[in-house]
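Trainee: Structure incoming, see below.
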Amino acid sequence: MADRFQISKVNGSANVNAAFDAEPGCANNNAAPAEHPPNGPATIVADGGHAHDNHLQPKAAEGVENRRTSRLSFRGFGQFLRKSDAERKFSLAQLTKESLPRLDNYRISMRNLKRPSIGELQGEAADQSITIPDAAEPEPTGGNIKLGWIVGVLIPCLLNIWGVMLFLRLSWVVAESGIMWSLIIIAISTVVCVITTLSLSAISTNGEVKGGGVYFIISRSLGPEFGASVGVVFAFANAVSASMNTIGFCESLNVLLKNNGLIIVDNGINDIRIVGSITVLVLILICCVGMEWETKAQNFLIVTIVLAIFNFLIGAAIGPRDDETLISKGFVGFSWSTFKENFVSDYRYAEGVNHDFFSVFAIFFPSVTGIQAGANICGDLKDAGAAIPKGTFWALLISMTSYALFVLFAGGAAVRDASGFPQDLINGTIVPSELPCMHDGSCTWGLFNSYEMMQLMSLWGPLIYAGCFAATLSTALTNLLSVPRLVQALGIDQIYPGLIYFSKPYGKHGEPYRGYVLTYFISTSFLLIGELNLIAPLISTFYLASYALINFCTFHAAFVKPLGWRPTFKYYNAWISLFGFAMCVAIMFLINYVAAILTFGIIFALYLVVMYRKPDANWGSTTQAQQYKAALMAVHRLQNVSDHVKNYHPQVLVLAGDPKTRPPLVDFGYLLTKNNSLMFVGNIIPVRVGYKNRLNLLKDGQKYLDARKIKAFYNVIDGFSIEDGINALIKTTGFGKMSPNIVLVGYKPDWNSCRKEEVESYFAILHNAFSQRMGVALLRLPNGLDFSELTPEVTMPEGNLGHLQTANAQGFANELLPAANAASELLHIDSNLNLASMDSPSPNASFTMPQQAPMPNMQRGARSYKVNNSDAAAITYHTKGGSEVPKTILDAMTIFTRKQAKGTIDVFWLYDDGGLTILLPYIISMRSHWQNCKLRVFTMCHGRDEEQEEKSMASLLTKFRIKYSELIMLKGVQDQPRHDTMLKHKRLIEPFRRSPRNEFGITDEELHSMAEKTQRQLRIHELVVKHSSNASLVVMSLPMPRKEAISAPLYMSWLEMLTSDIKCPVALARGNQTPVLTLYS
């Protein structure tokens, strides 16, 4: 019952919570007896005093005594009730339905006192019903054509795989590891390549692969961070691989020159450096001139290499044909004893390294790289889904078979050591234990000591040279061609600033000439090392890292399963790809853990650079899909978690309009949510602005928030009235548990001069927020919140916030032009909710955004002032004339982001709303900029035992763990306000009094029925001014906006009185009557 006392026995004392006065207009008034007069309660005058002003004095109504008696007819109150109205004062509990902040309201027990619900306070009907509407959906397609699987995949892969190792190092691998372990090395390499090929086939058939090959695949799958870092490493590996193959070419050329008695400098490392540098330069120039001929020449190159392979196999099968010179050099022909001798490993010290299985593996592995050649031109294939796996697997089968045959033929037909002297032969063959060179280590021939064994064993030696030249130069040329393209792809994507310069395209084909110069210097610098065996392990590490990430890409995509993951190649498995990833990483560390750590360190450093720069790269990566999936799962889990007061978070919907024009309101909201909870910023535009304009507004507002490092979600609703738009925002913003529970609005300073519809709308917004069970906070600054006369310009540093590369991100700022559109004046809440615009069908649709209420003391000028300066962005505010931006304006604009001097945050916790009024200032006091400000808590008492109530309040704050410096019980709240205060209020509402000419306004009946409440608000105003004249911030309980009980102008007059004459920011707050604080751990 609205009019009855609620009495509960707690610790032997009666606790009385009264309802609202049974004034007419209250929704619960129907509980009052029918004979009660329609007018409000009896006159309340201070002892010995008189009414100071008639506009606040209720008329003495007939039957008042009867009404009071019927209301308070409880045993034990007889003495109290026998007093006349003039003789007695009513306690606060008799004057309001509000409950004060008390310990018992927060108990989880039968003794828990129930504070009135928000519905009871609003006087809303018990039964309410709602209806919900529906929605609908759309769809897309694609295609491409060119090369078949032989020309497009098989031949390029074979040319890349068959390289320097085939003719120059495979025989040495057999000598070190023996036939068995060499075949195991080939088998492990094959497993790595097959698994990677499966992964590559899946990932490259999940959409077109463009320029950049492996970089493109990884970046579009795992995102720019991984893709770019691996892309740089892969480009580097290709450049070094070009050096390695050039060194191989130079070594074979040196042998050829030496055999013909020719010499350049020393027929050694210096010759390799000189010839290699010239060769790389020539190859680079060929690349620059154009590679149209390479496709035509690749058939000739592949034929040459195949002929050379068969040349060796046939020659080895035929044997030395009793040529003692060939036999003395180690080519003894097939024999079981030779095969058995070479079957096991014999690792030796060579070129400064004590070799073992993994060091030999590291030198061999670059010979199997090149499986990505088909994927590099995936977009040019007729049927990529069939061509890539088919061509790559055939290339692997052919190349690995050729390697295995080479191992068997070399190991079965040649010995490890030989002197080259026919006189060392015993019975026409070599007996290793009897060789003189074996004792002093001076053997110069045999598989161990000579890289010429392939030529020696072949049918026709010159063809091996031709094959070696074709294999090394074609692979080097392919590598040198791919590096600039990869650098260009990185530069086009603007991932690393240093590479953008080298990506500039020239000519009709967009050749990256600067990239070729960079590639030349990288390749030449490694070529100068001159030792193939030193370079090969480094390349192996780089290639294994990129293969590991290709496998991880496929695993990640198959595991996350985004809807965009639809590869046409189906013969892959996520767990096999994961095994491939683990295998590559393990081999990297087994080969050389220092090189592996260094490689991953480089990848991680490059990853961090991309993470820091945040490039303009939104490619729908699986990393994004995983983030979405993880967030979705977390939200679903959160949805099933019951709310608990200990886990309460203030999730704020800030009705700031365009955030650039209300920085303090946005800053205040972020002060409450920073690093703790959600914040939404809402903007209502009363007219339709069109999709593109709305999208630009969203990007512009979000860019501003991001530039100021404010973590918030910005939303724009157009085509609704202010009131309907805000109702829609409140009901639809967020989802599930990730929805706002507090509405933050700016105070409306022009309420007494604007149109009546605006006042009504503002009042309705506050009322409707409570109806949706939201908490409400209202902010007022001494000079207002509206800074729309300043035009903010967000300046982005190069590379930062690149995902917002819009016109606005480049410094464009909308001119905020004044306009006379009536829609814009609908509601000026001092938070830019009066934004108006015109829809335009053109692609460049534009509209004006009118702003009222120019800033106080604002002079129009052309000067600018940088308000926020950070590494992320600089926000500069401009004026339009020649004057400077006043310092007072800048101070007001940055009030909540500046370090505060020592002071106090005064909290007037007048009514128990669940604790939000005390929680918000406590959160603010914990922020670094406000930690010098101590909390002072002011609260009211029922007027009985003030000392006991103060102890009870102190105990409550202690149990809440709220640190405060002072607790003050407000005395004299029920006293009559001063005459000047009442006169000020009278003048304030005078224009709103109802009259024959003004049907909208405050009636005499309402004024008298709300007299006690109005007097209390005026008295609270006096107490706030008295106690908080030097406070840094004042937070107080917001009066309930009850539509049925009070008119909008009278309510606004209360807010005006409560927040006026205070020099610091004032926040009025009220929770939704559910607890946000708890006593319990």
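Positions of Cβ are set from backbone N, Cα and C atoms, glycine also.
According to TrEMBL, the protein has these features:
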{"type": "TRANSMEM", "residues": "147-168", "note": "transmembrane segment"}
{"type": "DOMAIN", "residues": "152-653", "note": "domain 'Amino acid permease/ SLC12A'"}
{"type": "TRANSMEM", "residues": "180-203", "note": "transmembrane segment"}
{"type": "TRANSMEM", "residues": "274-293", "note": "transmembrane segment"}
{"type": "TRANSMEM", "residues": "300-319", "note": "transmembrane segment"}
{"type": "TRANSMEM", "residues": "357-379", "note": "transmembrane segment"}
{"type": "TRANSMEM", "residues": "391-415", "note": "transmembrane segment"}
{"type": "TRANSMEM", "residues": "459-481", "note": "transmembrane segment"}
{"type": "TRANSMEM", "residues": "517-536", "note": "transmembrane segment"}
{"type": "TRANSMEM", "residues": "542-560", "note": "transmembrane segment"}
{"type": "TRANSMEM", "residues": "572-589", "note": "transmembrane segment"}
{"type": "DOMAIN", "residues": "662-1081", "note": "domain 'SLC12A transporter C-terminal'"}
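Distances, neighbours, how buried they are, the whole picture for these features please.
Mentor: Averaged across the domain 'Amino acid permease/ SLC12A' (152-653), pLDDT in this predicted model comes to 85.
Non-local neighbours of the transmembrane segment (180-203) in the same chain are 173-174, 217, 221, 343-345, 357, 360-361, 364-365, 367-368, 371-372, 375, 385, 388-389, 392-393, 396, 400, 403-404, 407, 411, 544, 547, 550-551, 553-555, 557-558, 567, 569, 571-573, 576-577, 579-580, 583-584, 587; each lies 6+ residues outside the stretch with a CB under 8 Å from one of its CB atoms.
Nonlocal intrachain contacts for the transmembrane segment (300-319), taken as residues 6+ away from its ends with a CB within less than 8 angstroms of a stretch CB, comprise 155, 158-159, 162, 166-167, 331-334, 402, 405-406, 409-410, 412-414, 454, 457-460, 463-464, 466-468, 470-471, 474.
Using a Cβ-Cβ cut-off under 8 Å and counting only residues 6 or more beyond its ends in the same chain, the transmembrane segment (357-379) has close neighbours at 144, 147, 152-154, 156-157, 159-166, 169-170, 173, 176-177, 181, 185-186, 188-190, 192-193, 196-197, 200, 204-205, 208-210, 213-214, 217, 241, 244, 345, 347, 387-388, 391-392, 395-396, 399-400, 403, 475, 478, 482, 533, 536-537, 539-541, 543-544, 550, 587, 590-592.
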